[in-house]
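Annotated features in TrEMBL:
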TRANSMEM  20-37  transmembrane segment
TRANSMEM  49-66  transmembrane segment
TRANSMEM  78-98  transmembrane segment
TRANSMEM  104-120  transmembrane segment
TRANSMEM  156-176  transmembrane segment
DOMAIN    196-422  domain 'Histidine kinase'
TRANSMEM  309-333  transmembrane segment
DOMAIN    445-559  domain 'Response regulatory'
MOD_RES   Asp494  4-aspartylphosphate
DOMAIN    574-691  domain 'Response regulatory'
MOD_RES   Asp623  4-aspartylphosphate
Amino acid sequence: MLAYIRQCVIDGTQVSRFNTLAAGLLGAPAHFFFYFIFKYGFDLPYENLFLRLTATLLCLAVLFKSRLPGFIQTRFTFFWHFTIIFVLPFVFTVNLIMNNFHELWLYWEIFMLFVLIAFVPNWLMFLFDLLLGFAGAVVFYFLSTPRVELHPEFNIPLYLLVLVFTIVAGYVFSYSNKRGIMAMERNNALKALAAGIAHEMRNPLGQIRYNLESIQEELPLYHAERLYPSISAGGVERIYEKVARGQIAVNRGIQVIEMILEEVREDASEDAGLTYLSAAAITRKAIDEYGYESQEERQRVHFFEDDDFVFKGVETMYVFVLFNLVMNALYFLRSFPDGRIDIRLKRGEILNSVTVRDTGPGVAKENLAKLFDPFYTSGRKGGTGLGLAYCKRVMRFFGGDIVCRSVRYEFTEFILTFPPVSDGDIADFEADLYAQYHELFSAKRILHVGADPANLVLIARYLLPLSVELDQVQSGAEAMEMIASRQYDLVLLDLELPIIDGYELAFRMQENGVVLSIVAYTRMSSTLLKGRAEKLGIQALLSMPIVLAELLSVLAEAIETKPDTLKNSLAGKTVLVADDSALNRMVVKNILQRGGLTVLDAKNGQEAIDILEHYPCDLLLIDIQMPVLDGLEAAKRIRATKSGYRGIPIICLSGDGDKETVRRAMESGMNDYLIKPVDSKNLLQKVSRLLLLTEKTQK
């Protein structure tokens, strides 16, 4: 009940610059001039200059609400309703009663109802404001001296019927108009989304085509009956680069889709877990992972990370905020060849901030106030108009805000503000991290190979509280000697080592048959280096600066999914893939087969159940939306059967990451959830983890 009343208050308090403008520009002059018109023009028996002036001042106060004292602005909802009650039902009803129900005021009372409905579009709040205004007018009448003798000469029941019908009809029309406007806005929003996706996807697809053509040019001429020359070292390096840039383009397309889906979800932040993040590390990661259209675009972005700070937020959301700001800035810099984007961190006592500043065309002063309105675009064709409204919502969720400053043809800067985090809160967070990972890391042997003494000290400070056995060396040659003489669980190395760099060290380990988990860190963009690193057996890449939470998370994942552990957990296992898309089945099958798994496939849930009846399978990967029998219903039937496959681990495959869809999947009996398109590494790790967990449970 209280929740419903609270929602009614929200729905009935529609304060926007449009209705405050209407209230001020219409209400103030109307009340002021109607006093003279009714008193001297129509010679009505009663008019009250004090009430009219008060109503006029209240309307003007609403019009200039940004200049009201702070204590009123923070309680503007109450002030708004007080103004509406006084200006409409109270003043109108006072004049109706004090003029002995004059015919003119009977008409104005009906007019007042329509206006009140327009300003208070919720029936409960409407009745509250109306009845409070009526009650105030009645009290005013009884307190007035001399009291006016009332002799109503109209048909009261008939007039009340007209009033009731006016209210009902007004709300019916108001509701139907509201639904119509919402439908139009939804249609316009969908058109904007479609246009935005089409516009933003054109460039990534063009990049993919260009990089594939470049790879094709590097390949030697092929003839079935002839030997073809090997590719030069430079050619191989260029192919790696083109593959990496193609992957960046794919990621760029996925980013656009994910950003738009995230932006249109009103509940996107409700279940998101806040954690402590390094502004420098996560901003650097966002800059590196953004899908630039060219190297020239990347060179326009400059990051100044000296004044790092910690804030409480959600990594994905913050990255999407920066993606939005960088995307918009790069778009407007296309006509400014010398333009640049500067991203700066600033730590303060009251607020910390991240500033994204571009030297582009700037924003017109009249548009600044509208920038954060949903579906508003300024000069950008094909844009969705969603980005900045989403940024505002995310920053408010973080407990901060985002504002824009701009000077036309000079600069535009967006300032993201964050509340400061106390040293005590950070210490508690780090203590929780160490408690979470201590059991996994305890007694593990880790070799750290790094040339920078500062990084050696930092890594030691991060890892020693976990009771690890940590050896540190400063060259690849020393590392090879240590690996030959001792058994390690993991190697952490700097890719930019002198003489024998990280790539060469990983290659020599691979050549010598050393099977170890390897994690590397680099000052360069990890996205461009990822493909080459993975080929050399490097499981993960960290971008500098290294932060505790990310370091522990990545190292823990590498230890849990050691190459030999992953290989052994998948060996001899059979996985069933159920998906109505032949392409999806082919992609997933290829990934699983490369991991050493035997793979069966089905086109729908019913086929999957039929296969499980006749062939023993160790795990099921199943799509949610399929004909004949969907994934949810298939999972329910599998869990309900008495057959031996009842306990088979099930991973859901879906293109929908909405929390409601995930909840339904888990409730149907599935064990895990993967969003398409699937990442091969993530898929194999989830399959391995579930298979190992199932084996432990069965023992």
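Every residue gets a Cβ built from N, Cα and C, even glycine.
Just so you know, TrEMBL annotations never went through curation; they're auto-generated.
Long-range contacts of the transmembrane segment (309-333) within the same chain, counting only residues at least 6 positions beyond its ends with a Cβ under 8 Å from a Cβ of the stretch, are 255, 258-259, 262-263, 268-269, 272-279, 282-283, 285-287, 289-290, 292-293, 297, 300-301, 339-341, 343, 345, 347, 352, 356, 358-361, 379-380, 383, 387-388, 390-391, 394-395, 397-400, 402, 412, 414, 416, 418-421, 425-426. Mapped onto DSSP classes, the domain 'Response regulatory' (574-691) shows 58 helix, 24 strand, 36 coil. Calculated from their C-alpha atoms, the gap between Asp494 (4-aspartylphosphate) and Asp623 (4-aspartylphosphate) amounts to 40 Å.
DSSP assignment over the domain 'Response regulatory' (445-559) gives 56 helix, 25 strand, 34 coil. Proximity of the transmembrane segment (20-37) to the transmembrane segment (78-98) is established through 3 or more Cβ-Cβ distances under 8 Å for residue pairs spaced 6 or more apart. Among residues of the same chain six or more beyond the transmembrane segment (49-66), those with a C-beta under 8 A of the stretch's C-beta atoms are 20-21, 23-29, 31-32, 34-35, 73, 76, 79-80, 82-83, 86-87, 91, 94.
All protein chains shown were included, and the count of other CB atoms within 10 Å of the CB of Asp623 (4-aspartylphosphate) stands at 26.
Away from its own ends, the transmembrane segment (156-176) comes close to residues 106, 109-110, 113-114, 117-118, 121, 123, 126 of its chain (Cβ-Cβ under 8 Å, at least six residues beyond either end).
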